[in-house]
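Marked as topological domain 'Cytoplasmic' by Swiss-Prot: 1-254, 311-316. Positions annotated as site 'Essential for ion permeation' by Swiss-Prot: 253. What Swiss-Prot records for 255-273, 288-310 is transmembrane segment, and it gives sequence analysis as the kind of evidence. The topological domain 'Periplasmic' annotation in Swiss-Prot covers 274-287 and is backed by a curator's inference.
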């Protein structure tokens with residue numbers, strides 16, 4: 001899908017590209033999974049070649065942040081959650097050339113959707129491609145900050161479930177959610193660090209206007225403040241995971257202790273029963289009239305003795 005926006009009194013307005021309106025006035029050209037015709041149109045009208053899928057997936061720094069005859073290129077991760085609430089990072093290719101911003105992505109992303117909604121009512125300050133790029137990065141960081149807050153809130157709920165130590169379906173679900181939150185936190189951290197690298201490259205390589213230079217530095221400060229919070233999430237997740245494993249081990253030890261006590265309690269009666277169950281011709285007790293009840297009483301006493309001993313030692 002191809003979308004294009006122009007500036008009117010420092011406000012973004014959408015160009016009707018479906019009606020064959022020229023892209024020449026566009027300050028922002030946004031492409032989501034473009035087909036060959038859309039790629040060809042951008043190439044023919046604006047002379048801009050677009051990154052291929054393998055180039056988007058390349059993770060080397062030299063392939064993600066560079067400058068060539070086609071402009072300044074930045075490939076950056078954006079966080080998203082799919083329809084099944086599975087978290088992921090999707091690469092967006094940014095290119096700035098001749099005062100125009102090109103964005104190429106493989107899916108619709110929350111940060112882009114939120115920025116377009118804001119742009120309808122908010123005017124830009126300087127109205128240039130760099131401000132557009134930084135506004136998108138700013139929106140991304142806000143989204144990541146919200147995601148960190150959501151993880152904190154979820155961890156508080158999980159903490160109460162885990163610390164109660166009552167194992168069951170709710171406990172199993174808490175452990176599964178804990179692993180999922182750890183994965184989300186890792187993806188958020190990757191996105192923050194990638195954005196930090198992208199902004200450092202932009203500050204070094206691009207001749208940013210004064211307003212955008214300060215905006216970039218402000219976003220970098222926001223990232224610096226979020227990274228420790230993100231790190232503390234991993235520590236909290238690790239603590240809760242260890243606590244959960246500790247409670248599980250305690251419960252398992254309790255079960256094993258019960259089996260151990262049962263086996264020890266039944267061992268002496270079993271010894272008595274096996275002794276009198278031996279098939280020998282000369283066994284004096286076989287001729288006793290009270291031999292059988294006496295053996296039963298002896299077996300009961302042999303079982304009670306270790307049980308009472310364990311009870312006295314507080315092993316039960």
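Each residue, glycine too, has its Cβ placed from N, Cα and C.
Residue 253 (site 'Essential for ion permeation') carries a helical DSSP state (H, G or I).
When Cβ-Cβ distances below 8 Å are used as the criterion, the transmembrane segment (255-273) is approached by residues 295, 298-300, 302-303, 305-307, 310, 315-316 of the same chain, each at least six residues removed from its ends.
Residue 253 (site 'Essential for ion permeation') counts 11 other C-beta atoms within 10 Å of its own C-beta, drawing on all protein chains shown. A mean pLDDT of 65 is what the model gives for the topological domain 'Periplasmic' (274-287).
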